[in-house]
Amino acid sequence: MSYYFKNLKPGYESDEELEDDEILKTLSKRYADEDESASDDELSSLSFDALRRAERQLEEESRKEKAGSQNESKPALKNAKRSKEKELELADSFKAKSYTEESFGENSDSSSENEGLFEEEEVVRGNKNSKADHGKNRKKSHAPSEQSSKKKVSRIRKIPGLETPKSMNENLYQDIRFDKSLGKAEDYESIRKRYQFLDEYRQKEISELSRLLSDRKFVNKISERERDEMQEKLTSMRSKLQTLKNRDLDRKILKDYETEINKGNKTKYHLKESEKRKVIQKYKFDHMKAKQREKVMDRKRKKRLGKEFKQFSFHNR
């Protein structure tokens, strides 16, 4: 068989369809040639005046478009600049701290202690913005100013009722049972009644100390410093016990005097502080011995003379 018959393949299209395609191609070529010739004829028929007018109109329209675009672009540029500035300010506020890394090469100074570490550099803009924000947050001039909690208090106020008396040292240990700020506000009388049994123990301690100090063998064994400390302790214990007894006596005197005054009265009468002092002095003076009265009178006379002596004119120079 020849080569021609080997390469033959069956076709699905009929001969009529192929003929129709060829006709359509020829018609489309014809119409395209006619359109080109018509456009050439139209351009050739136009005059030079019409072409000039058309060019002028096109130039005017292009100028107007340029002017309008420039006017519109100015506010757009301003808005763009403002938006960029705002973005930069926000970025600076968010950047609280920036870090710079030191060089690790051979040229770096070996004497620097911070070699290989990051140095913190506070941004100036961030500090300015924070100060401005702090100023804006303060509403009025009479508003309270903000202060750090680490700052010490300038003045410690004394609360009435919680002050330590002059006789007590503030640095000494204070019993919480008698502290007004921690316990109930109770009278001295109730506390004294509750702990009056301690007087017996105090008296025993005083007698024991006095017995040891009177013993010569014991005194020779200890040093002079220890002996002086024991003597001071003995005197302080005796004075404390005596003050407690004097307070009990004063309270008893006033109680008896008020009961005598308010026997037949429905409304109770309470003495003033000055009257209480006078009643106590009168009772003690009446119940003193003759020698004790003389000593008290001499002490008062010296006190009065000292006051009068200070009032003389030569002391005021």
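A Cβ is built for glycine as well, from the same backbone N, Cα and C atoms used for every other residue.
Range 220-248 is the one annotated as coiled coil, of 133-161, 220-248 (source: Swiss-Prot). Range with Swiss-Prot annotation region 'Disordered', chosen from 1-20, 281-300, is 1-20.
Nonlocal intrachain contacts for the coiled coil (220-248), taken as residues 6+ away from its ends with a CB within less than 8 angstroms of a stretch CB, comprise 188, 192, 199, 202-203, 205-206, 209-210, 212-213.
When DSSP labels each residue, the compositional bias 'Basic and acidic residues' (54-67) comes out as 14 helix, 0 strand, 0 coil, counted as helix, strand and coil in that order.
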